[in-house]
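Q: Copying in the features that Swiss-Prot gives for the protein in this structure:
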ACT_SITE  E318  active site, proton donor
BINDING   W285, W323, Y378, W493  substrate binding site
DOMAIN    22-140  domain 'CBM6'
DOMAIN    164-458  domain 'GH26'
DOMAIN    491-527  domain 'CBM10 1'
DOMAIN    530-566  domain 'CBM10 2'
SIGNAL    1-19  signal peptide
Amino acid sequence: MKSLNVILTLLSLIISVLSKKVYYEAEDGKLNGITVFKELSGFSGKGYVGRFENPGNSVTVTVDAPATGMYDLSIIYCANMGQKINSLTVNDQSVGDITFTENTKFETKDVGAVYLNKGKNTIGLVSSWGWMWVDAFVINDAPNAAKDVSSKLNPTLVNPKAIPAAKKLYDFLKTNYGKRILSGQVGAAGQAGDEGQEIQRIQKATGKLPAVWNMDFIFESNDCTWRPQNPDITEMAINWWKKYEGKGIMAAQWHWNIAGKTGDFAFYSKDTTFNLENAVTEGTWEYEKIIKDIDRVSGHIKKLQAVNMPLIWRPLHENNGDWFWWGNNPKACAKLWKILYERMVNYHGLNNLIWLWNGNNDANTPVDYIDIIGVDIYANDHGPQTTAYNTHFDFYGGKKMVVLSENGRIPDIQQCVDQDVWWGYFQTWNSEFILQDSYHTDAQLKEYFNHKTVMNMDELPSFNVDSYNGDSGSSHNGNSESNSNTGNSDECWSINLGYPCCIGDYVVTTDENGDWGVENNEWCGIVHKSCWSEPLGYPCCVGNTVISADESGDWGVENNEWCGIVHKSCWAEFLGYPCCVGNTVISTDEFGDWGVENDDWCGILN
């Protein structure tokens with residue numbers, strides 16, 4: 001192990017040497033519709049740029065990266081004309097909107113990590129709100145370590161009385177977070193589990209159904225005078241739940257229609273005179289009105305709880321903007337969230353809810369009443385939205401799962417994986433966002449839904465359980481008869497239960513028999529084998545990518561830890577082909593099953 005320790009020491013020294021800040025002056029970049037100024041004091045270089053008066057105005061600098069990876073980025077700016085939001089691009093792809101707090105002098109805005117290729121890259125700032133000044137872009141001249149997204153997640157739901165089905169769903173999401181990204185789709189307004197044009201497009205293009213389905217209680221308030229004919233939204237959701245035997249995930253938002261003393265009911269601020277501040281003040285008629293509406297929607301959700309159906313619940317969504325009546329006062333909105341929670345959980349006994357906050361991240365955010373964080377992004381491209389993800393992840397210190405609760409374009413899945421942008425799930429809005437080729441072609445949908453990282457409905461367990469012991473993130477559909485083999489021996493114990501052996505060791509669930517995984521859309525038993533590196537204090541590698549070698553053997557890195565590589569022989573090696581790491585069968589002949597890995601045929605060990 002001496003050589004391995006030397007390598008680790010050298011890596012640490014290299015990173016410490018390279019991890020310095022490199023400044024790229026904005027005035028030296030490519031300017032579109034903006035000019036160089038020198039009036040303000042405190043700038044570096046030959047000046048600064050602004051003012052970003054018109055849409056599309058931009059500054060772009062070219063930066064050098066010594067290696068491919070994630071790099072911390074900051075922007076030196078001045079926003080003396082008020083808080084501004086403008087868009088960041090990397091290599092001509094949108095990575096998210098950046099909020100620049102109002103100030104009176106040049107200050108540094110930490111943007112977070114961005115993904116850079118080895119060599120030349122472009123970083124740009126494009127006018128959205130505009131009207132600000134940029135002095136320089138600053139990156140660390142060494143890539144960051146891989147992000148640990150799951151180890152700090154809150155272990156349980158905020159509601160200690162959550163029903164077993166909700167606990168199981170949360171554990172399932174938690175177990176897969178940082179490993180898989182679930183697919184999702186928003187249905188038509190007022191519908192639940194409908195398999196209309198959105199689902200039909202997905203299924204036709206991909207052969208898959210989304211893991212997460214979304215409904216909207218948009219018509220379920222007392223002021224709303226129009227709602228669909230029977231069956232109502234609750235009946236539709238229950239029918240969907242029964243049809244798929246609990247093997248689906250339902251999410252819901254509430255476009256809360258309400259009327260003030262004058263005017264019609266609405267959820268947009270501009271269309272209702274309803275007052276949020278009064279609504280969270282006990283004794284007002286506005287307070288009494290919201291309580292009656294909460295009671296109404298709780299009656300619907302209570303029916304879902306009666307059939308053991310958990311629900312990812314997203315009320316007061318997009319409260320970081322002022323376009324909805326509940327979003328124009330962060331402090332009052334946070335108070336309304338707590339009123340919702342207390343009324344629904346403690347008064348109505350709704351324990352099937354997983355609470356998703358989709359809005360402000362500030363001192364008012366009701367962190368102790370939140371399970372999951374949602375972000376809504378309607379981007380102009382399929383970028384992974386790295387900056388938006390990192391901003392929300394970092395605000396909660398990695399304790400809350402971050403999901404795309406609404407998206408226009410699905411982010412490129414492979415880019416998400418490469419850049420450690422682990423959205424728990426994506427959830428595409430309905431209508432043209434999923435139906436039109438200008439947003440998604442059939443080829444893109446097929447690529448994204450069939451990506452090995454994406455989990456669709458066919459891989460979900462049933463969440464319809466009356467009890468749950470909390471020791472797994474999923475369940476398998478095999479029988480539960482006892483087996484003396486517990487997965488700790490080299491013999492494949494699952495064959496006796498009618499399931500194949502896993503090639504990898506990705507644990508999806510555990511029961512009295514042993515550990516279970518999913519490969520080729522089928523449950524398989526995981527056999528935990530020992531290897532030469534374990535006596536040295538290091539686990540066995542699942543893959544076989546060699547990073548280093550010493551007198552002990554070959555070493556790889558997995559899960560940010562060194563591991564020992566075990567070189568197995570298989571029948572294919574005698575024919576001049578390597579052994580497969582996975583077990584996806586492409587072809588079969590007289591020798592056995594064949595797969596393709598690293599653009600080469602390989603033999604599958606059965």
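Cβ atoms here come from the backbone N, Cα and C positions, even for glycine.
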Q: Give me the Cα-Cα distance between Y378 (substrate binding site) and E318 (active site, proton donor), rounded to a whole Å.
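A: The separation of the Cα atoms works out to 13 Å.
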Q: Rounded to an integer, what is the Cα-Cα distance in Å between E318 (active site, proton donor) and W285 (substrate binding site)?
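A: About 25 Å separates the two Cα atoms.
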Q: Pick from W285, W323, Y378, W493: which of these binding-site residues has the biggest number of other Cβ atoms within 10 Å of its Cβ?
A: W493
Q: Using DSSP with the three-state reduction, classify W493 (substrate binding site) as helix, strand or coil.
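A: Reduced to three states, the DSSP call for W493 (substrate binding site) is helix.
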Q: For E318 (active site, proton donor), list the number of other Cβ atoms lying within 10 Å of its Cβ atom.
A: 20
Q: What average pLDDT does the predicted model assign to the domain 'GH26' (164-458)?
A: 96
Q: With DSSP, how much of the domain 'CBM6' (22-140) is helix, how much strand and how much coil, in residues?
A: 3 helix, 72 strand, 44 coil
